[in-house]
Amino acid sequence: PFFVNRGGLPVDEPTWERMWRHVGRIHPEGDRVAQRIRGAADLPKIPIPSVPVFQPSTPIPERLEAVQRYIRELQYNHTGTQFFEIKKSRPLTGLMDLAKEMTKEALPIKCLEAVILGIYLTNNMTTLDRFPISFKTHFSGNYFRHIVLGVNFGGRYGALGISRREELMYKAPVFRTLSELIFDFEEAYRRCWHTLKKVKLGHCVSHDPHSVEQIEWKRSILDLDKLTREDFRKELERHARDMRLKIGKGTGPPSPTKDRKKDVSSPQRGQASPHRRNSRGDRRPSGEKKPTDSKAMPDLNGYQIRV
């Protein structure tokens, strides 16, 4: 047995079973409601957002706007149920397979899923640099986390993503420096009564969709409680300079690609790939020491922002 999404395409049973179980827990007649929806034959068809297709002459800024419109049309996932399981330790090829699944199912997404989808939809924009930007904020005694995909085109910075707040997602590539972009996010958080506590910056993501490398999510960790305003700005610009130098030098061997043989195909959804530890010498924590337990997996639930 299988279920279908809003476009009539088959969806694996565990995803929808989790959703129905959630409905049964929070709704007084949840099981009955779920069965009634499942058996309804006259439900209106919900339009499926179309994956953007570009002409070779389409400028990069226009492409980014189209990608952001597509992400926005999928809508933010307010259900409390995570539709897609994202393991940040998976190789890039596995995450791209998951992004392709997102476009087929066309279900609502959250911020981490939007980042993976943004990488997938901009892979053919080879002149565009992409890198993850994570935020940790404080509000009313609680901490909240959010992530966007930073972009750099022609020396101008911007961002792609999704959030409950309009000002915490898309930023057109118009900022002259990385610090200007981060300060704009900080001001947006301030308008939401949130205090920015930490910023984590990753390195540039490969444009090879078959790469078995892992995304470097937090090359620089900036703790605003331990940095002055000027030091914070300097660390942001140092990270931007490191990214430019790495791209300019083209250091390191070419990105390995996945073997096409059947016995070593990319990991399937829900199956964890082996966790490879990055070299400690390659990372430069700024303003904060890294945890001593290098085997700890990242807390994925922390990226569900509540603003």
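The backbone N, Cα and C atoms fix where each Cβ goes, glycine too.
Remember, TrEMBL labels are computer predictions, not curated facts.
Model, not experiment: these values are computed from the prediction.
Per TrEMBL, the features are as follows:
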ACT_SITE  Cys111  active site
ACT_SITE  His146  active site
ACT_SITE  Ser163  active site
REGION    242-307  region 'Disordered'
COMPBIAS  279-293  compositional bias 'Basic and acidic residues'
>> In whole Å, how far does the CA atom of Ser163 (active site) lie from that of Cys111 (active site)?
In response: 6
> Least buried of the active-site residues Cys111, His146, Ser163, going by other Cβ atoms within 10 Å?
Replying inline: Ser163
> Roughly how many angstrom lie between the C-alpha atoms of Cys111 (active site) and His146 (active site)?
Replying inline: 7
